[in-house]
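What follows is a set of notes on a single structure, which appears directly below.
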Amino acid sequence: MESKEEDVKVGANKFSERQPLGTAAQGDKDYKEPPPAPLFEPGELKSWSFYRAGIAEFVATFLFLYITILTVMGVNRSSSKCSSVGIQGIAWSFGGMIFALVYCTAGISGGHINPAVTFGLFLARKLSLTRALFYIIMQCLGAICGAGVVKGFEGNGRYELFKGGANFVNSGYTKGDGLGAEIIGTFVLVYTVFSATDAKRNARDSHVPILAPLPIGFAVFLVHLATIPITGTGINPARSLGAAIIYNRDHAWDDQWIFWVGPFIGAALAALYHQIVIRAIPFKARA
């Protein structure tokens, strides 16, 4: 007891730390890095869990487009933004749906609901190329169906009048502005996904409960608040493709490349940053 009191009086510098404060992430006591996923895994094609995960991605993206595009249409048809949920409500619908759907599907498919997220996780070798391609196809199909149901509810006239919730670069901004907004916005999202689902962080900070869907959904909400005035906010190629196919007008297709190139670049940068800078995995492999 006396020695403890002496330590407090003298100060923490009397005894050197075995591990400096704030660097617990560099320790390997409670965690071992899992092996990277194989590039091709033919055995997956014979597993029901593989197809179940794809169906989960389809349904989740379908529901995501249905709720969010319907919200966008509701805001656009209002005579005044004050008589609707406004931009904040649109942002909440996107972020809230991601929170709910990631929570529902995380244990089945990982809860990607976004080709950019799938691409980033593939680059980090978290899933095989086979699974990544299957997820992206199912996500795009789900998005098309979700936007199609919204058009069925709204009718051709209203749907086309309010531009079907499609993404395009708004007037006053250049295509470069739109591309930059999509890159940075997707970086924020995918970096949050990596951080919130980091198994090593969860092992280290097990005393701090983290509900992964919450920060992911909140990141989507914040990015939408920032970039809806610029591009309507894509950061999800399936969302942009689904709305563009059902709306099917030239100005939606003219900018469609921005909503694929931007999110994929942003996802790749986030994967590289997390794996190389934050986790330093290549350097650990050399050691």
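Positions of Cβ are set from backbone N, Cα and C atoms, glycine also.
What TrEMBL says about a protein is an automatic prediction, not a curated fact.
These features come from TrEMBL:
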REGION    1-34  region 'Disordered'
TRANSMEM  50-69  transmembrane segment
TRANSMEM  90-113  transmembrane segment
TRANSMEM  133-153  transmembrane segment
TRANSMEM  210-230  transmembrane segment
TRANSMEM  257-278  transmembrane segment
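Tallying C-beta pairs under 8 angstroms between the transmembrane segment (50-69) and each of 90-113, 133-153, 210-230, 257-278 places 133-153 first.
When each of the listed stretches 90-113, 133-153, 257-278 is scored by C-beta pairs under 8 angstroms to the transmembrane segment (210-230), 90-113 comes out highest.
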